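> Sharing a structure below in structure tokens format, with a few things to ask.
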Amino acid sequence: MAAVGRVGSFGSSPPGLASTYASGPLANELASGSGGPAAGDDEDGQNLWSRILREVSTRSRSKLPTGKNVLLLGEDGAGKTSLIRRIQGIEEYKKGRGLEYLYLNVHDEDRDDQTRCNVWILDGDLYHKGLLKFSLDALSLRDTLVMLVVDMSKPWTALDSLQKWASVVREHVDKLKIPPEEMKEMEQKLIRDFQEYVEPGEDFPASPQRRATAAQEDRDDSVVLPLGADTLTHNLGLPVLVVCTKCDAISVLEKEHDYRDEHFDFIQSHIRKFCLQYGAALIYTSVKENKNIDLVYKYIVQKLYGFPYKIPAVVVEKDAVFIPAGWDNDKKIGILHENFQTLKIEDNFEDIITKPPVRKFVHEKEIMAEDDQVFLMKLQSLLAKQPPTAAGRPVDASPRVPGGSPRTPNRSVSSNVASVSPIPAGSKKIDPNMKAGATSEGVLANFFNSLLSKKTGSPGGPGVGGSPGGGAAGASTSLPPSAKKSGQKPVLSDVHAELDRITRKPASVSPTTPPSPTEGEAS
């Protein structure tokens with residue numbers, strides 16, 4: 001009891017202890033001196049200091065504990081660091097190497113107390129698994145929560161990743177050589193927490209003292225149900241949380257890889273079976289869409305610090321699933337199997353959820369533009385090597401009339417006949433009325449030409465060449481006037497005869513066939 005006396009002496013007591021009880025429930029007794037040596041009652045003084053020690057220990061127990069740890073395991077690129085940084089509220093960060101250390105600030109508003117939760121992130125390469133000895137040892141084993149992170153943008157790796165990292169934890173725990181009695185106690189605690197899970201209600205107490213009392217009463221009154229055949233068959237003695245990240249990629253899997261709802265139900269059923277074997281919880285998250293990030297933090301502090309949470313299980317939304325440890329069982333997982341249409345329950349995960357074929361990305365060769373002068377010199381050399389006939393189309397030197405059609409000389413007709421290709425059998429037939437129309441046009445042309453020639457040959461009329469008395473034929477001026485007058489009568493008779501013939505046969509010209517100017521000029 002001498003030690004108690006030394007602690008009770010304010011001269012030698014720590015300043016924190018004196019300041020703690022300056023306004024405590026025993027302040028009046030200390031101020032009145034009823035517990036001091038001047039009272040002369042040693043027994044009452046010893047009882048007083050015993051009460052002080054008990055209250056100090058009670059207050060120390062009511063504060064938030066320190067030394068709690070979260071260990072994150074998963075493949076490279078699964079989003080482990082991104083998840084913790086988002087919980088911390090940090091946008092920009094740098095990924096560590098090997099074993100990364102972070103922390104979470106934990107604040108209890110009811111107790112007005114805060115502490116830090118240690119976060120260890122192991123590299124995705126198995127080469128670094130030896131670093132687990134710095135984050136998970138025999139002393140910190142009881143205060144550690146294991147978080148297995150799965151990348152849902154690559155669901156074909158989900159099951160293998162979970163089994164691989166769970167085996168890494170099991171191997172490391174076995175190397176710690178924990179006494180069997182202590183390990184058995186940790187396993188039994190995990191089983192008890194799984195069996196005593198209760199759906200969160202609205203009347204859940206908020207005060208820490210009331211929480212502890214209510215939890216103890218629930219444990220005393222509740223009936224513990226036996227575990228299922230596949231439940232906690234791989235008990236690590238540690239609370240486990242499975243976090244599926246990048247769940248926003250579910251829509252991409254539907255569009256690009258033809259995933260359907262039954263595929264996602266199939267994936268979820270296998271992950272939930274794994275969680276049953278290890279007694280783990282399951283949360284689907286998305287850092288990109290900030291989905292269920294706060295839920296991960298709330299579940300961590302609930303498991304490590306006993307904070308309450310009022311969030312029930314969510315299984316309806318395929319990209320925001322939340323299944324706390326102790327809620328799930330084989331019957332609830334069987335509900336997912338009812339939606340299977342083309343899949344079967346006994347199908348292997350690797351046979352259904354396969355890795356899509358890798359599309360080879362062909363890198364196009366970067367082309368550097370040449371100098372303009374070098375390019376023009378190469379082009380000039382290429383043009384110089386080509387023969388002149390191949391440089392372009394031969395120019396048509398035949399003369400053209402104002403209408404646009406070339407006039408072919410008569411002398412070249414015979415030479416060009418051999419070069420004309422034969423007319424195909426399916427070409428358009430020649431209109432038989434075209435010849436008759438061309439003949440009548442020729443007659444009309446001859447008729448009007450004769451009129452012009454006769455008119456120019458009349459006395460006093462201008463000649464063709466512009467000289468008076470000049471006709472189409474030079475001999476017309478030498479004829480006597482009597483001969484000219486006698487020649488006019490046959491011309492008039494020819495005009496009347498021609499007009500009568502045209503009037504009697506108007507249908508000889510085809511109305512649909514346009515006159516050929518080439519033939520008229522030739523006649």
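Each residue's number is its place along the chain shown, starting with 1.
Glycine is treated like the rest: Cβ placed from N, Cα and C.
Reproduced below are the annotations present in Swiss-Prot:
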type	residues	note
BINDING	GLY74, GLU75, ASP76, GLY77, ALA78, GLY79, LYS80, THR81	ATP binding site
COMPBIAS	412-421	compositional bias 'Low complexity'
COMPBIAS	458-473	compositional bias 'Gly residues'
COMPBIAS	474-483	compositional bias 'Low complexity'
MOD_RES	SER207	phosphoserine
MOD_RES	THR213	phosphothreonine
MOD_RES	SER398	phosphoserine
MOD_RES	SER405	phosphoserine
MOD_RES	SER419	phosphoserine
MOD_RES	SER421	phosphoserine
MOD_RES	SER427	phosphoserine
MOD_RES	SER486	phosphoserine
MOD_RES	SER510	phosphoserine
MOD_RES	THR512	phosphothreonine
MOD_RES	THR513	phosphothreonine
MOD_RES	SER516	phosphoserine
REGION	1-45	region 'Disordered'
REGION	387-434	region 'Disordered'
REGION	457-523	region 'Disordered'
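Each of these features: where is it, how hidden is it, and who are its neighbours?
Taken residue by residue with DSSP, GLY77 (ATP binding site) is part of neither helix nor strand, so it is coil.
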> Minimum Cβ neighbour count within 10 Å among the binding-site residues GLU75, ASP76, GLY77, LYS80: which residue?
ASP76
> Applying a 10 Å Cβ distance cut-off over all chains shown, what neighbour count does GLY74 (ATP binding site) have?
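A 10 Å sphere around the Cβ of GLY74 (ATP binding site) contains 25 other Cβ atoms.
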> ALA78 (ATP binding site) has how many other Cβ neighbours within 10 Å of its own Cβ?
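Other Cβ atoms within 10 Å of ALA78 (ATP binding site): 25.
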> Around the ATP site formed by GLY74, GLU75, ASP76, GLY77, ALA78, GLY79, LYS80, THR81, which additional residues qualify by having Cβ within 8 Å of the site's Cβ center?
GLY124, VAL149, ASP151, THR245
